[in-house]
Amino acid sequence: FTVDLTSVDTRTKERELETYSRVQVIVSAYKNSEIFSKVLAAIETTKSMKELPPIPFKNKDSPSAFYKFWILLWRTTRNFSRDKIGIIMRLLQNLLFGLFVAFFLLRLRTDVVKGAVQDRVGLIYQCVSAPPYTGMLNAVALFPPLRAISDQESKDGLYKKWQMLLAYIVHFLPFSVISVAIFSTFIYWTAGLYPDASRFGIFFAVVLASHIIGELLTLVILGVVQNPNIVQSGVVLLNSAGVIVGTGLVRTIEEMPTPFKILSYLTFQKYSSEVLIVNEFYGLNFTCGEANSSTAINAACIFSHGIQFIENNFPGALSRFTIDFLILYAFLPGLALIAILSFKIRERIISR
């Protein structure tokens, strides 16, 4: 901006006169300023010195990796903070989705005949599939410009590409936590999921992990694929495939062919869905139509307790609850390391 402001534009005679006059005004203002007087005085003082002072900021040592990371984080945060509308959308995008789901489902019931099981399964399905998608949208919209900057600046030797990537990851984490917290608080208590504070905490933690995984997975692919549109399509397909194969909500995993069963263990959706199913259905009791109705009278009433649904559709999920939660969160550092590796590969490819 400074160079443009103090340059003479010679493309047309009119622009040349206009910009030349502007430059003269700037020069004249500087010569009449106190700064100019101080600079002249410093020059005269330096001329009379026997030993010249060292040149300020001249240091052959490169800043530390942590300092470079800190500057990149500060710059990234400052640049994104200028887009007020963008910040609001990042914080509320999950809530907007939650509003639609809540108004569609209204209040969850315990009557099997009125869809108590189906509505809960549908809500969990949405909470497993949608948060990774919103995370992907954030990465596709925000990171490619940073990637272009890092391609040039890392080529100039200012820092490594993975340092910019790590700065972006640290930058988006607070936004993810706040956005998912708003969504989880609204959808959990509005829809009427299991009324327990500790279970709400688990629900929030699972949705948060799914959201962050979606963004990290997008960053992994952005490291090796240049076109953001291709990346977006690829992540959508991967997320859709993971939901179909891994959740067991479309088709139970026990009924899947063996190759799909094996593949399901590689999807984070398997672990997030099992945790959410156990978190909601364990300890839940269902009614069946009229107060005196029974399963013998109404064939639709196959479940009277939530644990029956878990054992029938997700056998062993109750015993795997803790390990499923830990595996889900193991995806976070795993994908972060793979993303760093993908950008190291990108750095070598571009340097060649």
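Cβ coordinates come from backbone N, Cα and C, glycine included.
Caution: TrEMBL annotation is automatic and unverified by curators.
Residues or ranges marked as domain 'ABC-2 type transporter transmembrane' by TrEMBL: 68-281.
The annotation transmembrane segment is assigned in TrEMBL to 87-108 (among others).
For 123-144 (among others), the entry in TrEMBL reads transmembrane segment.
The transmembrane segment annotation in TrEMBL covers 165-189 (among others). With a cut-off of 8 Å between Cβ atoms, the residues of this chain six or more beyond the transmembrane segment (165-189) that come close are 69, 72-73, 76-77, 80, 87, 90-95, 97-99, 101-102, 123, 127, 131, 134-135, 138-139, 142-143, 146, 150, 200, 203-204, 207-208, 211-212, 215-216, 219, 223, 336, 339-340, 343.
The transmembrane segment feature in TrEMBL is assigned to 201-222 (among others). Remote same-chain residues near the transmembrane segment (201-222) are listed as 94, 127-128, 131-136, 138-140, 143-144, 147, 165, 168-169, 172-173, 176-177, 179-181, 183-185, 188, 193, 228, 231-232, 234-235, 238-239, 268-269, 272, 275-276, 279-280, 325, 328-329, 331-332, 335-336, 338-339, 342 (criterion: CB distance under 8 Å, separation of at least six residues from the stretch ends).
Residues or ranges marked as transmembrane segment by TrEMBL: 234-253 (among others). Through the fold, the transmembrane segment (234-253) approaches residues 121, 124-125, 128-129, 132-133, 136, 140, 214, 217-218, 221, 225, 260-261, 263-264, 267-270, 273-274, 313-314 of its own chain, all at least 6 residues removed from its boundaries and within a Cβ separation under 8 Å.
Per TrEMBL, the feature transmembrane segment maps to 321-343 (among others).
If one looks beyond the transmembrane segment (321-343) by at least 6 residues along the same chain, the residues whose Cβ comes under 8 Å of a Cβ in the stretch are 161-162, 165-166, 169, 202, 205-206, 209-210, 212-213, 216-217, 219-221, 223-224, 268, 270-272, 274-275, 278.
Within its own chain, the transmembrane segment (123-144) is flanked in space by residues 80, 86, 90, 93-94, 97, 101, 105, 108, 168, 172, 175-176, 179-180, 183, 187, 191, 193, 203, 206-208, 210-219, 222, 228, 231-232, 235-236, 239-240, 243, 247, 249, 269, 272-273, 276-277, 280, which lie at least six positions past its ends and keep a Cβ under 8 Å from the stretch.
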